[in-house]
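Per Swiss-Prot, the feature domain 'Peptidase C39' maps to 7-128. If you look up Swiss-Prot, you'll see 157-439 marked as domain 'ABC transmembrane type-1', on the strength of sequence analysis. Here Swiss-Prot flags 160-180, 194-214, 272-292, 298-318, 367-387, 390-410 as transmembrane segment, drawing on sequence analysis. According to Swiss-Prot, the feature domain 'ABC transporter' maps to 471-706. The ATP binding site feature in Swiss-Prot is assigned to GLY505, ARG506, SER507, GLY508, SER509, GLY510, LYS511, SER512.
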Amino acid sequence: MTSPVAQCASVPDSGLLCLVMLARYHGLAADPEQLRHEFAEQAFCSETIQLAARRVGLKVRRHRPAPARLPRAPLPAIALDRQGGYFVLARFEPGADQAVLIQRPGQAPARLGQAEFEALWAGELLLCACAASPTQALARFDFSWFIPALVKHRHLIGEVLLISLVLQFISLLTPLFFQVVMDKVLVNNAMETLNVIAVGFLAAILFEALLTGIRTYLFAHTSSKLDVELGARLYAHLLRLPLAYFQARRVGDSVARVRELEHIRAFLTGNAVTVLLDVVFSVVFIAVMFFYSVKLTLVVLAALPCYFLLSLVLTPVLRRRLDVKFNRGAENQAFLVETVSGIDTVKSLAVEPQWQRNWDRQLAGYVAAGLSVANVAMLANTGVTLISRLVALGVLWVGATEVVAQRMTVGELVAFNMLSGHVTQPVIRLAQLWNDFQQTGVSMQRLGDILNCRTEVAGDKAQLPALRGSIELDRVSFRYRPDAADALRNVSLRIAPGEVVGVVGRSGSGKSTLTRLIQRMFVADRGRVLIDGHDIGIVDSASLRRQLGVVLQESTLFNRSVRDNIALTRPGASMHEVVAAARLAGAHEFICQLPEGYDTMLGENGVGLSGGQRQRIGIARALIHRPRVLILDEATSALDYESEHIIQRNMRDICDGRTVIIIAHRLSAVRCADRIVVMEGGEVAECGSHETLLAAGGLYARLQALQAGEAG
């Protein structure tokens with residue numbers, strides 16, 4: 001089948017081909033011929049593209065944004081040009097010139113200036129998102145992500161709100177108690193009335209303390225539950241992200257973004273609820289204050305615009321400085337993780353002083369950024385405090401004037417002053433809450449980098465049946481980035497069930513990329529990858545990977561026992577099965593010499609074991625679930641000759657009854673293969689047996705001569 005990009009030159013359906021490109025970008029299989037057949041009677045206008053998108057599992061929404069808002073649109077998207085054709089709008093390049101990266105079907109990606117793009121674009125976008133993804137581009141991550149968890153605990157949250165409401169009513173009684181004491185008890189010397197009021201006041205105080213304690217407990221209880229649920233959802237999403245996400249980001253940066261969830265949760269379940277409730281209930285206090293004195297109430301209300309004006313001025317400054325602070329903190333986190341992960345290299349090169357200077361410089365930058373945020377927050381709090389003090393002075397001066405004129409009693413003035421505090425204090429707290437909200441907004445933006453990324457979701461994809469082991473690559477092309485060169489170019493390859501195929505070539509020739517496409521770690525830009533005749537683009541990736549055994553150049557071992565590391569894919573495997581896999585990988589002998597044998601606890605990444613020992617455990621782990629397809633990606637390149645000899649000695653048993661793909665630099669590792677594929681520049685340069693390729697005198701023969709010369 002001809003790939004969609006190749007067809008573009010002869011087929012005018014640019015909208016169809018753009019849809020196919022975006023479907024494959026989202027990990028969905030889309031056949032242009034099939035879509036053309038299904039919608040043959042219609043031209044591929046925007047409406048038809050929407051119908052066809054639904055057929056392949058995409059949601060498409062028409063959108064006509066202003067040019068200035070285009071960088072905020074969820075990309076990539078399909079754009080309509082002024083000639084009625086379509087192209088893919090990939091992204092806006094950062095920088096002052098705001099270059100736009102686009103791609104037309106059948107052409108290489110192109111960068112356009114802003115003016116060129118606006119001259120080309122007709123003003124319409126087709127926004128695309130994977131219909132199966134819970135975090136798709138049409139539903140960006142925002143506060144609504146937390147609604148399901150909040151709704152689940154709505155009864156607890158409702159109880160908190162009810163208690164807060166009762167506490168507000170109790171606080172309304174306090175000024176009235178003081179007014180009665182000052183205007184009735186003190187003036188009339190009514191001691192019995194004072195005793196009754198004191199008992200009632202004491203009961204109110206005790207009841208208020210009890211309700212406050214209950215509310216604090218409910219807050220803590222609800223927060224703990226939300227921590228567990230939201231953290232679990234975030235971690236599950238993180239595990240479902242494609243490999244490309246992690247390759248494009250530093251580990252420390254991702255960890256820093258995950259930690260932002262705590263800030264958001266603290267904001268949602270902290271003072272935000274009570275402060276907002278206090279602000280809403282301030283309307284009741286204001287109504288009561290009007291009953292006491294219209295003039296004094298206007299003095300208090302005159303300060304409210306000042307609070308909001310202060311927030312309006314300082315918020316943009318605070319937001320920018322919070323962005324800088326987060327970026328500095330993420331850089332520190334990433335640098336710390338890099339240092340700890342590469343401590344062997346740091347110490348072996350004796351670059352500790354250089355690393356210390358780098359850390360000191362980055363830490364100083366972070367502290368300076370934090371200080372700049374604190375300065376803005378301090379300025380805001382100082383301004384709010386100043387305004388509140390001026391309000392108190394105004395209330396005292398105007399109120400005293402009213403008392404002297406006998407338009408108010410002293411008790412009423414005291415009660416009014418207490419009521420005004422219930423209005424100004426929530427506003428002051430709201431100003432602090434606004435600062436917290438800006439911090440939360442930054443946290444939402446950073447966490448959105450994770451949660452807005454599409455996942456490898458099974459959705460309605462079919463489960464792959466038990467494999468026989470046939471593999472076919474049909475004119476497959478792939479590039480890691482839209483603006484990068486092809487890592488694979490028009491590769492076609494068939495592997496029969498039970499066949500052992502070696503793949504060799506220079507570094508960067510596309511060997512490992514080939515196996516990653518077979519694992520569906522990446523999705524081909526053009527062409528198809530089929531296993532047992534099934535297009536792996538339309539099956540659940542987990543059902544595929546469960547049936548593959550993969551050994552990389554460096555096997556990662558985890559902080560658990562040797563047995564648990566081997567049985568990672570089959571936790572219920574018997575000891576007999578674990579030992580059988582270890583024997584097959586040549587690991588049983590050295591495992592028995594460990595202090596506790598198979599129950600020996602390994603350090604992080606197998607600290608304490610040699611590279612060859614770690615690799616043999618990795619091979620045993622790949623064999624434990626008896627995969628029908630085994631991929632050895634440079635699995636023996638880092639082994640010493642003795643360890644490699646052990647693996648090669650068992651290779652016949654390892655390959656028995658399964659399809660095996662061996663990626664290797666050492667040609668001796670693939671000499672026993674049924675067929676050897678030679679890669680060069682992302683293409684299949686040669687293919688044949690060891691003897692045939694040597695006789696051909698091509699690239700394989702030259703590589704063989706080079707390695708023979710090095711060995712000599």
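Backbone N, Cα and C define each Cβ position, glycine as well.
Here the features listed in Swiss-Prot are placed on the structure.
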residue	record	Cβ within 10 Å
GLY505	ATP binding site	25
ARG506	ATP binding site	14
SER507	ATP binding site	7
GLY508	ATP binding site	13
SER509	ATP binding site	22
GLY510	ATP binding site	23
LYS511	ATP binding site	23
SER512	ATP binding site	20
* To do: Tell me, please, if the transmembrane segment (298-318) and the transmembrane segment (160-180) are in contact, taking contact as 3+ Cβ pairs under 8 Å between residues separated by 6 or more positions?
  => no
* Averaged over the whole of the domain 'ABC transporter' (471-706), what is the pLDDT? -> 86
* Asked: Relative to the mean position of the Cβ atoms of GLY505, ARG506, SER507, GLY508, SER509, GLY510, LYS511, SER512, the recorded ATP site, which additional same-chain residues have Cβ within 8 Å?
  -> THR513, MET679
* Run through the domain 'Peptidase C39' (7-128) and tell me, per DSSP, how many residues are helix, strand and coil. => 44 helix, 33 strand, 45 coil
* To do: State the residues, same chain only, that lie 6 or more residues beyond the ends of the transmembrane segment (160-180) and have a CB under 8 A from a CB inside it; answer 'none' if no residue qualifies.
  => 193, 197, 200-201, 204, 207-208, 211-212, 214-215, 218-219, 222, 273-274, 277-278, 281, 284-285, 288, 409, 411-412, 414-416, 418-419, 422
* Asked: Looking only at residues six or more beyond either end of the transmembrane segment (194-214), which have a C-beta under 8 A from one in the stretch?
  -> 163, 166-167, 170-171, 173-174, 177, 180-181, 185
* Using DSSP reduced to three states, classify GLY505 (ATP binding site) as helix, strand or coil. => strand
